[in-house]
């Protein structure tokens, strides 16, 4: 519009056009030059910043807050779970396949509601005492955020309420200076990772590597909807045939189905961990680590650490009720195979999600110190004969929620180096 009006004004209009154009040109030219110079400076600054960031993201091992290669090096920092707000999971097919028949009425009645409050209160007290003892032993203790697990959530494939943040071992595994979030397989545990994000982000900001495995959809195809469960005999037959409630529709695994011995990590195919999940871990950790699949005579495999618990270099507790099919692999490597004593937990004590063999689900503070249940005297004597000092803590009520000391913890930092114990 300005140019049209000026042209109508004759020669003065033309001069005005020339004047305005020249001024506008000089203004634009100056602006472009300044912008270009500013962009160059910003780019140079960004390059320097990125270079600095590159240097900052690879800390020396001694500076990284996350560093653990096995189950027995001196423990410096650990995450301990919470019993607060724990809910009974809805009685879905994957829960049914992982629990014993005598507890099915409990799940049918209480699914989606709190665990018995008195029992939960005792469990909270026990875990607080466990944390205090760990601190007295010189270990830094971190705790997940409190979460309201009663909230119902819905995805395009399912809806559920939550479970708890009691067992960090189930969802987190530390390999070197990397912390890996497992995808899980129970729908009630889909959002369990949220309780740990504050801690993990802190580790990440301080230099740790952080990986989240592919999150499964947990659609119906992940589960064998017709999985036949009628008796222990049925479970034995199915396990022997390699049949589980989870299919190979997509990768899934719980971190507790893996146990570490330096460069070698042992995993089992279970009700919550499929071969695709193990393969994802194998590819992700190669070539620095070797993932081996081992199996057991177990009618209900779920989490390896109450069946096969490595307590030192070349030393493993092997459950006599669930013998390892590949035990010769360890014998040939010169390992010491220890058979733990029969647990003495009373028959009437509720174990809604686990077996009595939580007695061997111990936490090594180092090669010469172990955290063991105060009630399990035979297990204590076994360790004492091995020259290992027992740190006795009562977590009998906490056991009812599905785990022992190893399950209730995730060792974040142990003082040690990457070695091979199988060659």
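FYI, residue positions are counted from 1 along the chain as it appears here.
Glycine too: its Cβ is placed from the backbone N, Cα and C atoms.
What Swiss-Prot records for this protein:
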ACT_SITE  407  active site, amidino-cysteine intermediate
BINDING   170, 305, 322, 354, 355  arginine binding site
COMPBIAS  52-61  compositional bias 'Basic and acidic residues'
MOD_RES   46  phosphoserine
MOD_RES   49  phosphoserine
MOD_RES   385  N6-acetyllysine
TRANSIT   1-43  transit peptide
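Features as recorded by Swiss-Prot, highlighted on the structure.
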residue	record	DSSP (3 states)
170	arginine binding site	helix
305	arginine binding site	helix
322	arginine binding site	coil
354	arginine binding site	coil
385	N6-acetyllysine	helix
407	active site, amidino-cysteine intermediate	coil
| query | Ranked by the number of other Cβ atoms within 10 Å of their own Cβ, which of the recorded positions 322, 385 ranks first? | reply | 322
| request: Write down the Cα-Cα distance for residue 385 (N6-acetyllysine) and residue 322 (arginine binding site), rounded and given in Å. | output: 23
| request: Looking only at C-alpha atoms, tell me how far the residue listed as 'N6-acetyllysine' is from residue 305 (arginine binding site), rounded to the nearest Å. | output: 21
| request: Measure from the CA atom of residue 170 (arginine binding site) to the CA atom of residue 407 (active site, amidino-cysteine intermediate) and give the result in Å, rounded to a whole number. | output: 7
| What same-chain residues, at least 6 away in sequence, bring their CB to under 8 Å of the CB of residue 305 (arginine binding site)? | 169, 256, 259, 361, 406, 407
| By a simple count, how many Cβ atoms lie within 10 Å of the Cβ of residue 354 (arginine binding site), its own Cβ left out? | 21
| said: Please give the maximum pairwise Cα distance, in Å and rounded to a whole number, for the arginine-binding set 170, 305, 322, 354, 355. | reply: 20
